[in-house]
Amino acid sequence: LTGVLDDCLCDIESIDDFNTFKIFPKIQKLQERDYFRYYKVNLKRPCPFWADDGHCSIKDCHVEPCPESKIPVGIKAGSSNKYSKAANNSKELEDCEQANKLGAVNSTLSNQSKEAFIDWARYDDSQDHFCELDDERSPDAQYVDLLLNPERYTGYKGPSAWRVWNSIYEENCFKPRSVYRPLNPLAPSRGGLGSVCLFSWTGLCLEKRVFYKLISGLHASINLHLCANYLLEETWGKPRWGPNVKEFTRRFDPIETKGEGPRRLKNLYFLYLIELRALSKVAPYFERSVVDLYTGNGHEDAESKALLLDIFKDTKSFHMHFDEKSMFAGDKKGAKSLKEEFRLHFKNISRIMDCVGCDKCRLWGKLQTQGLGTALKILFSEKEIQSLPENSPSKGFQLTRQEIVALVNAFGRLSTSIKELQNFKVLLQQTR
């Protein structure tokens, strides 16, 4: 992959260098901070679009929640149950830890973290939220430690997984007329054209091209994570994950994908630019003294904010940003209608994530979708951000902690994807 990306004045090599030497090391460090590592998610919401066709039964998909007596007080919103030395040695906890080793979503939290969640909830409740997130107060919502639940290939595939992406592309995405969907190895070919993938943007305005590229880029990024963190073997009950060159080739090689693979990767770079732009635009919101990354640990909070502001400084130094001002710039009535259509399509896609049968895949799908949704919210709120008061919460623009965590982790995933792509280039050269 080389050269300039469509619909922007940025080349791939510049993004590679910027990400490798400036962004990637810092965003990795930021994601390890307490404020950004815990994400509250509801993995039990029913699929709103079709009857549930069964959850993934593979152990690495499975969520094995700890017994209620072991769940920290911060998650249970006021319950008095606490960890004890005796409880830590119980068989229940051993069973829970065994499930964690198998790659299940680990919904337990450290003893040091539980009190912080009480303070976080109290602090968040005192803020003037921009919007109320559906999952936040649901009894089924739980905090998950993202560091203990890395995104990786779990074995979840086949008709159920393809159904989700087919629904996104076919029913909720503006797409080039000649891109044949589903690009699904399980689907029958369409006559003589089944082996050919022509590509034309005819009839698609900039906004619709951008929407398609965002979804395609997200799909490519998720596939890259799965290829880079693939279950290679399991010896004596100990799984080993690592890069799978064969799987990467199957998903992205020009011949294997009928010319579609390199375009998917270019869309990954385009998505990276969009979220990078959002980070640079939202910097004034965080630069105010009234905004803290509050965990209850003053020293760590100050360090986390300093690191975040340092990343914002880097994002502003990048000279080839996507220009979102070119979007929705036509006549006011038409632009408003198109923007609303854009918003509703994306909202629908975020709801489709509740149809993912693998809980770990659902966790990361929901987080990355919410991160992108937060980025779009930022890009469409430039005037409100510019007029923020310095010393008081804003009523015009507000981000919840949940949105902030999703925004940073979603961009961290894109940064990791581009870094992993460099690793696969080296591995491919070694196999030739």
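From the backbone N, Cα and C atoms, a Cβ is placed for every residue, glycine too.
Between CYS361 and the candidates CYS355, CYS358, TrEMBL records the disulphide bond with CYS358. Packing around HIS219 (FAD binding site) is summarised by its Cβ count: 18 other Cβ atoms lie within 10 angstroms of its Cβ, all protein chains included.
Taking CA atoms as the reference points, ARG251 (FAD binding site) and CYS361 (disulfide bond) are 18 Å apart. Residue pair TRP165 (FAD binding site) / CYS358 (disulfide bond) shows a Cα separation of 14 Å. Here CYS358 (disulfide bond) is compared against the binding-site residues ARG152, SER216, HIS219, and the shortest C-alpha distance is to ARG152. The CA atom of HIS219 (FAD binding site) is located 12 Å away from the CA atom of CYS361 (disulfide bond). Of the recorded residues, ARG152 (FAD binding site) and CYS361 (disulfide bond) place their C-alpha atoms 8 Å from one another.
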